[in-house]
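Asks: From TrEMBL, for reference:
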TRANSMEM  54-75  transmembrane segment
TRANSMEM  141-162  transmembrane segment
TRANSMEM  168-189  transmembrane segment
TRANSMEM  283-304  transmembrane segment
TRANSMEM  324-345  transmembrane segment
TRANSMEM  365-386  transmembrane segment
TRANSMEM  417-436  transmembrane segment
TRANSMEM  448-469  transmembrane segment
TRANSMEM  493-512  transmembrane segment
Amino acid sequence: MAFYGIASNLVNYLTTQLHEDTVSSVRNVNNWSGSVWLTPVLGAYIADSYLGRFWTFTISSLIYVMGMMLLTMAVSLKSFKPSCSNGICNKASSSQIAFFYISLYIIAIGSGGTKPNISTFGADQFDDFDPQEKKLKASFFNWWMFSSFLGALVATLGLVYIQENLGWGLGYGIPTVGLILSLFIFYFGTPMYRHKVSKTKSPARDLCQIPIAAYKNRKAQLPSNPSELHEFEPQHYINSGKRQMYHTPIFRFLDKAAIKDGNNMDASMRPPCTVTQVEGTKLVIGMVMIWLVTLIPSTIWAQINTLFVKQGTTLDRSLGQQFHIPAASLGSFVTLSMLLSVPMYDRYFVPLVRARTKNPRGITLLQRLGIGFVVQVIAIAIAYAVEVRRMRVIRVHHLNGPKEIVPMSIFWLLPQYVLLGIADVFNAIGLLEFFYDQSPEEMQSLGTTFFTSGIGVGNFLNSFLVTMVDKITGRNGGKSWIGNNLNDCHLDYYYGFLLVISAINLGAFLWASCKYVYKRESVEVKEGCVDLVEGKAIATSPLGLQV
């Protein structure tokens with residue numbers, strides 16, 4: 001609620017209160033959102049390597065609260081806001097702008113430790129070795145995101161209206177109080193939490209060590225049988241509780257890091273890397289391939305809080321004679337479609353498909369992402385068609401003024417919002433689960449930052465695209481595709497451009513998903529257990545557990 005209470009209507013605050021132009025406000029919103037979603041990379045590294053998830057979240061949440069309190073002051077106190085007289089407002093001073101943006105970026109720093117750690121800390125509460133808890137964990141991320149969507153719904157329906165009609169201070173003060181209350185609830189449960197003990201001081205070290213060792217052994221010959229590569233005895237994994245990974249045939253060059261008699265033995269007198277270490281690095285490289293094809297979908301998602309909102313302000317927003325719908329409130333339909341789709345997906349779709357595929361998830365993680373990306377392409381195609389119609393209505397009625405209302409209901413935008421919400425049930429939740437599930441055991445907080453950083457880079461990419469498109473199309477006196485006056489520009493061309501790159505990106509995703517090899521782990525234990533491969537239960541011997 002706190003995050004979406006800011007993000008969903010920030011573009012309107014920047015244009016109406018700080019008097020920024022359209023391109024600058026879109027760019028600043030994207031840059032801030034990008035920072036919010038990128039700082040988790042640092043927060044996850046600190047959690048996995050030093051403080052653990054609980055303490056990283058604890059410290060970061062206090063920073064988050066401080067940022068929210070400062071932001072509430074920035075929009076409430078007269079000395080921090082531009083002065084107005086007779087309906088004419090002055091531009092914000094340098095100190096006012098600085099205080100506002102410092103508050104925003106303190107929140108971004110706080111997000112760095114909260115976003116990647118609270119969801120993984122929640123997943124840690126389930127025991128992978130208990131069949132019932134393992135089953136419950138398969139639904140955890142669906143319901144985790146469901147609760148997040150509830151907060152977003154309150155923000156887009158209630159807080160946005162309060163901000164525009166009752167005051168920005170109250171609109172930011174309510175989520176600040178809500179955040180403080182939620183932290184009290186979290187800390188109240190502290191005695192009951194399970195804490196996952198880190199078994200490696202620097203889990204990301206292998207990401208550098210493996211390629212270097214493989215390069216040193218580049219002239220060595222790989223054995224024909226992978227079992228001849230260096231690996232610890234099963235007793236090592238029994239004693240340490242770590243998970244042993246099976247060898248996979250992808251990225252074969254990295255296998256040279258595990259050659260028993262390679263150059264690294266002679267040069268440094270260190271034992272070669274193990275197959276498990278090599279496979280962990282392969283997993284990360286494979287996830288990078290998937291991560292790259294999530295950037296364009298994240299760019300599409302960035303339109304919800306920026307251009308979609310500005311587009312909505314030009315349309316007829318009246319509902320009856322007295323009430324006008326805030327343009328940003330239409331984002332609530334993204335949330336509503338998510339809230340309706342998650343239970344349907346979890347309670348009906350998964351059991352129905354599971355009966356056919358025998359996969360506890362119903363479909364594989366990458367199949368889930370693919371469905372979401374297809375729905376998103378359809379959504380941006382509809383957004384393009386609606387904008388083409390809006391431009392036609394503008395031409396018919398000879399509208400040119402930036403504040404003239406187009407005689408076309410804002411509910412024409414509804415299909416694109418609803419479809420993006422449905423798409424997110426597949427790709428947002430699917431990505432969070434994918435990166436958590438496929439990360440090496442000691443890097444699961446860092447692994448989930450593939451999800452958050454993808455959103456962050458997508459926002460920065462949208463900021464870059466908006467800026468470059470505006471400069472290129474508006475040079476030499478040309479009509480910019482994205483101008484301050486949305487009634488006299490070519491936003492339809494920009495949506496068409498997004499549609500083309502989305503379709504190309506979908507093809508790239510299909511290629512990457514065909515190349516991807518799912519994680520296969522083995523945990524050696526002292527008692528009998530079951531075998532799980534990509535979520536499918538299989539009978540096995542007493543000593544192996546594959547996940």
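Using the three backbone atoms N, Cα and C, a Cβ is placed for every residue, glycine included.
Context for these features, please: burial, neighbours, distances.
Replies: Nonlocal intrachain contacts for the transmembrane segment (141-162), taken as residues 6+ away from its ends with a CB within less than 8 angstroms of a stretch CB, comprise 1-5, 8-9, 119, 122-123, 170-171, 174-175, 326, 328-332, 334-336, 338-339, 342-343, 345-346, 428-429, 432-433, 436.
Listed as Cβ neighbours of the transmembrane segment (283-304) (distance under 8 Å, sequence separation of 6 or more from its ends, same chain) are residues 30, 33, 207, 245, 250-251, 331, 334, 366, 369, 372-373, 376, 379-380, 383, 417, 420, 424, 427, 431, 434-435, 438-440, 443, 447, 450, 453-459, 461-462, 465, 498, 501-502, 505, 508-509, 512-513, 515-517, 519.
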Asks: Against which stretches of its own chain does the transmembrane segment (365-386) lie, if we need a Cβ under 8 Å and a gap of at least six residues from its ends?
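Replies: Sequence-remote neighbours of the transmembrane segment (365-386) are 290, 294, 297, 300, 303, 308, 412-413, 415-416, 419-420, 422-428, 430-431, 433-434, 437-438, 492, 495-496, 498-499, 502-503, 505-506, 509-510, 513, 516, 518.
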Asks: Cβ under 8 Å, sequence separation of at least 6 from the ends of the transmembrane segment (493-512): give me the contacting residues as numbers and ranges.
Replies: 289-290, 292-293, 295-297, 299-300, 303, 307, 369-370, 373-374, 376-377, 380-381, 383-384, 387, 469, 473, 481-482
Asks: With Cβ-Cβ distances below 8 Å as the criterion, list the same-chain residues six or more beyond the ends of the transmembrane segment (448-469) that contact it, or say none.
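Replies: Distal contacts: 23, 26-27, 30-31, 33-41, 43-44, 115-116, 119-120, 287-288, 290-291, 294-299, 301-303, 306-307, 431-432, 434-436, 439, 480-482, 494, 497.
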